[in-house]
């Protein structure tokens, strides 16, 4: 059975003292010898703290974004090499909030994924449709377009990707795609990956739309849902640990 992956996305939340408490609780509560990979995507200023607090544990450190550039006059940006310096294993790319508030295009997201891979950081490529797009029957078209840009850019490195489906209408709204709705989109993404790779079944597909302690088990039971990209629930140790337990 494929190992599940649970990634907590803290977004722009946290503080030194609160982080220490949360990370300690996660380390102490993580099941020994569990069958799920776990990582936390923390704000960039806390990468060093997270790496230090989690040293020796099975919990990986993830970034929330990465630059498509290697270096240069890009004020405020962080390169993949910089992330590697802090022991970062994963980085989100193309999160809907980056696309919406920072104008990131499919092409930019694809370049970011490529930049991460080049430095040994695993990109978690986020795709998903808005409510208007879903109601217009465009879900499949939108997610396939977003993923196609990345597949084209990374070429033979496709098997090193992680993909997260995050229906934009279900992020932070309390609304969640039903397990059946989520599985339907995941199956579309799996088929798209299979057309580009003979090892598509090894590529982790995460669900990222308001997964919580109550719905995680049902979502994770779906055939093509290989884990979760967890937002608000990852800020509460008990809830996040419940989700991790559901993935075992």
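Cβ coordinates are placed from backbone N, Cα and C, and glycine is handled just like the others.
Feature annotation from Swiss-Prot assigns substrate binding site to 9, 10, 11, 172, 210, 231, 232. Swiss-Prot lists 95 with the feature active site, electrophile, giving sequence analysis as the kind of evidence. Here Swiss-Prot flags 166 as active site, proton acceptor.
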Environment of 9, 10, 11, 172, 210, 231, 232, the listed substrate site - residues of the same chain whose CB lies within 8 A of the CB centroid: 171, 230, 233, 234, 235
Densest Cβ neighbourhood among 9, 210 (binding-site residues), 10 Å radius: 9
Count of other CB atoms lying within 10 Å of the CB belonging to residue 232 (substrate binding site): 19
Fewest other Cβ within 10 angstroms of its own Cβ, chosen from the binding-site residues 172, 231: 172
Nearest recorded site to residue 166 (active site, proton acceptor) by CA-CA distance, among binding-site residues 10, 172, 210, 231: 210
Helix, strand or coil at residue 166 (active site, proton acceptor) [DSSP, three-state]: coil
Spatial neighbours of the residue listed as 'active site, electrophile' that are distant in sequence (at least 6 apart) but have CB under 8 A: 9, 64, 65, 126, 166
CB within-chain contacts under 8 A for residue 10 (substrate binding site), separation at least 6: 40, 41, 42, 43, 64, 234, 235
C-beta crowding around residue 11 (substrate binding site), within 10 angstroms: 18
Reduced DSSP assignment, residue 9 (substrate binding site): strand
